[in-house]
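> The structure's right below; bear with me while I get my questions together.
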Amino acid sequence: MAEYKVKVTTGTMKHSGTIDHIYIILIGTDGQSERTELNNVGIDFITGKTGAYKVKTSSSLGKLLLVKVEKDPFLIFPEDEWYCSKIEVTTPEEEEILFPCYRWLSRGEFVELRGGKGVKFMEEEHPMLLNHRKTELRFKKGSYQWKIINDGLPHISHFKDVFELFAEVRFSLSKSEEYEHTQRMITLELAMKGLAEPGKKWKRIEDMKNVFQFKKTTMPGEYVSEHWKEDDFFGYQFLNGTNPNVIKRCSKLPPNFPVTDEMVKPFLETGTTLEKEMEEGNIFLCDQKIMDGIPTRQKDGNPLYVAAGLCLFYKNPEGKLLPIAIQLYQQPSEQNPIFLPSDLETDWLLAKLFFRSSDLIQHQTLYHLLHTHYLAEVFTIATLRCLPTIHPLYKVLIPHINCTLHINISVRKLLLSPGGALSESSLGVEGLMELMRRDLSQLTYSSLCLPENIKERGLESIPNFYYRDDALKLWNYLNEYATAMVDYYYTSDCDVMKDIELQEWVNEIFTHGFLENKRSGFPSCFNTIEEVAKFITMVIFRVSVQHAAVNNGQYDYNSWIPNGSLLLCKPPPAIKGQSSMQTVLETLPDVEDSVKIMSAARILSEKYTDVVLLGEFPEEHFDEPIPKEIIKVLQADLSYMKEEIAARNSELEMPYTYLNPDVVENSVTI
């Protein structure tokens, strides 16, 4: 007789346990065990618990290949899903083997688990395992399919509703309940205050502070409502607000932005010139030409308005970034004046409001929705379709695609369905689709790789750029992590080229995410270990760090409507000197539309309890010592960074917290 010791761990999430019957079959090179029920005295498979069992066979099964787990109903009780975390088997030869599962099982369902060591396609040694690998991928390609939602946009999953998703890619029950509770509470709070009345305009700017009394922000939220008119705060947001992606160093003015030295001389250091400041690297530009010519929608028969402007910034000797000239449309004319800080206060305020409004639309549509959520969905589907669970890079990537399909289905309903915050923007859904098409057609691989992005934009040395400082550190940590993992599993560039599953993975991303645009520089195949490590770094960075940078501050910055709104109701001034604060109030959205924008920002910035932070790996997918050590190095780096950020922020008037590893999630889940 031979005896196998089996330990089965049930997940810690709400309702992970089961009272149903669980059976197991051990499959080896020399045979398989009888179908054995795992049943001890008392209740088995309790949430968060590990049960120990024994499986006896007439002789050793040889090298253990697979563990088959089955779930059958207990009497006539209703459906009772079970979350199996992992199974650990000790063989008669005293070999300890981890079989990761980390998925829900329903009644009548079974799953065949592979051991925890990462194995590439060309390394399979047994026909049974090769067949298992191929069968798994056939099933996954049938289960996860691509869907075209709009020509010129990344393809998405074919699932229409979160209830169609497989349990392992859905929110946990606790997070679903929290997410739905947040939306209900916001709706109730607004109804109680009577803020859903259509057409009602704001009478005073100060009234907006009372929208969400149950959800107060301290720093920087209150700072925003107090300092939104100030030029240095306007400039600060282009470095450390929710959209630190658009500003660039300016060495030569665009021909359609005729700013003269005489115009801006009062706002520069005494004795200098605009030309000299450009030469010294102190002038920066934000150009919204991508929005030029996109039609706006109408609301109640009246057109809405959006700018496609240019803003010139000056880094003064104190290191502050100040706006010194704003032109709100691309073609200069008498009806399209260049606004200056010396203009009438409300003229300058309106110029900044229009520019920030367009920046907010770009932020939400391009840098948040397209560059993180939609790309994360592409990475997720390609990973699920092309890499079997035993593939080493599946094990690397699986923590970073958790719940992405679920949140994207929800976000499309929240933001883009009729009545959604983005669909109600000045551009409307059709305008936003056109904006995304334009952006994807010119998106480059280098722009998604942070060190190259910062260099291309000439932002290596601009001071007080905390997003850059924190994000570059995280990029480097993730690059060291990805490089170590890839180096461990791939011993040569030849290994990379022979890995047909890896090549299919990157090709699906190139095809369905970047629509085979060769000019973009995105790879359609890999030739070297270095290329794989860089691409894996980009993927993990984008779905964790970059998403945190553009998501986590939304309620702080974007719930204060005067700081930037998704829709504006009046055109910008064509003639200077005729505006007032009443003009500002009439330009801003009405109360109903304002609270829609505020509500979306609140939902997307809410802190939920069921989160997995960057560097946390509660699911044990690796069974080898070296990958486990690589993970520990990453965790140590992140721990040290938390201390660095805390020390820096203690000395700042406006702490930058959005890339503290304490708040950066492993994947796009909100």
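Cβ from N, Cα, C; glycine included.
Copied straight from TrEMBL:
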- Gly17, Asp80: Ca(2+) 1 binding site (BINDING)
- Asn40: Ca(2+) 2 binding site (BINDING)
- Trp104: site 'Essential for stabilizing binding to COTL1' (SITE)
- 119-670: domain 'Lipoxygenase' (DOMAIN)
> How does the model score the domain 'Lipoxygenase' (119-670) in terms of mean pLDDT?
93
> Using the alpha carbons only, what distance in Å do you get between Asp80 (Ca(2+) 1 binding site) and Trp104 (site 'Essential for stabilizing binding to COTL1') once rounded?
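Between the alpha carbons of Asp80 (Ca(2+) 1 binding site) and Trp104 (site 'Essential for stabilizing binding to COTL1') there are 10 Å.
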> Could you round the CA separation between Trp104 (site 'Essential for stabilizing binding to COTL1') and Gly17 (Ca(2+) 1 binding site) to a whole angstrom and send it over?
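That comes out at 10 Å between the alpha carbons.
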> Can you check which residue among the binding-site residues Gly17, Asn40 has the largest number of Cβ atoms within 10 Å of its own?
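Of the binding-site residues Gly17, Asn40, the most buried by Cβ count within 10 Å is Gly17.
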